[in-house]
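Enquirer: Sharing a structure, written as structure tokens. Questions coming.
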Amino acid sequence: MENKMFYGLKTRKAFYNPSFFYLLSSLNILSFNFDLSVLSIFSVSLKGNSDTIFVGSSESWRGNEEEREGDGCCRGVEHLELWGDAMKWGSDFKLNSSEECCRACKEMCEGDDGPCLCDSWVFCGNKQDCGSRFGECWLKKQKDALDPDWRDSGDNVIWTSGLVFGKGELFPDCAPHSVYYILELLSLQHCAGCQFYRAESRGNSWDLQGNHIEHAPYGPPYALIQGTVDAYGTVFKDIPQEARPTIRRGSIAWVGSGPDFFISLANHHEWKKAYTVFGQVLPEDMEIVEKISQLPTIPDVWSNVKVAVLERPVPLRFIRMKKSP
């Protein structure tokens, strides 16, 4: 894997061996629940007197999608067929592109309350391979959108498939390969080797809302926490380049092609849309990220860039939480 660096962002193989969201920490200072779901990456409730940091999954919250850049995304994964209950039969519903099929699914998931009537779509878009099925758009409902029913994959599969998570904090419509990897980790119920290893506060360069302070430097510190989700015992495949919106406060993005990632504490317009963003931390939960950014660190230099490495990396693991009532 190429070792890329930008503003100190690069892979750090020395911290782990070769793979959000149930987070377990050995720290004795924080305890909180993060919700990973069809509708959100993080939904946190603070709890005291515990030595664990939890990241799990539920479907209890829908975020403000207007805050998210790139709402126009409608991407899927080629050569993948998702199964599921048909909400609209493709044999009777033909469209011109996978994007139109995706948007048709989204239109069934636009309400502020209640479940999405469509959470997955399957489209046949290669005229030669599809034959009479060319243009078929199947709109489907998964029994469990966090554990989608993978029917088939590979070069011989004629379908393109995608997930729709409604108004939420994972972005399968903009970064489907990224989100599928996160769901794979969730299904493993462990992420041994996954951890946060770098933490840098906003310093005096960005305000509480993540806005850059006029005339202040752009770091260091660089207002981010960085980690890896390369789990022991798994073979990580580089994530292809996906949607790269402007990095904003709360953005969750890959460093290069992964498995290293970061959560931004600030709006980094100076980074020129350089990173694939696959999720967003809820604004009310950024307090947790802020606290991690202020843990004890050791100064280091990566490719002539000054960085701050955590004295004690914060381990991560993935366990499915029960849905909220």
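Yeah, the Cβs are placed from backbone N, Cα and C, and that goes for glycine too.
Look at TrEMBL and you will find 169-306 tagged as domain 'PPIase cyclophilin-type'. Sequence annotations record features per position, and here TrEMBL assigns transmembrane segment to 20-42.
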Enquirer: Which numbers of helix, strand and coil residues does DSSP report for the domain 'PPIase cyclophilin-type' (169-306)?
Expert: 27 helix, 37 strand, 74 coil
Enquirer: Find the average pLDDT over the domain 'PPIase cyclophilin-type' (169-306) in the predicted model and report it.
Expert: 93
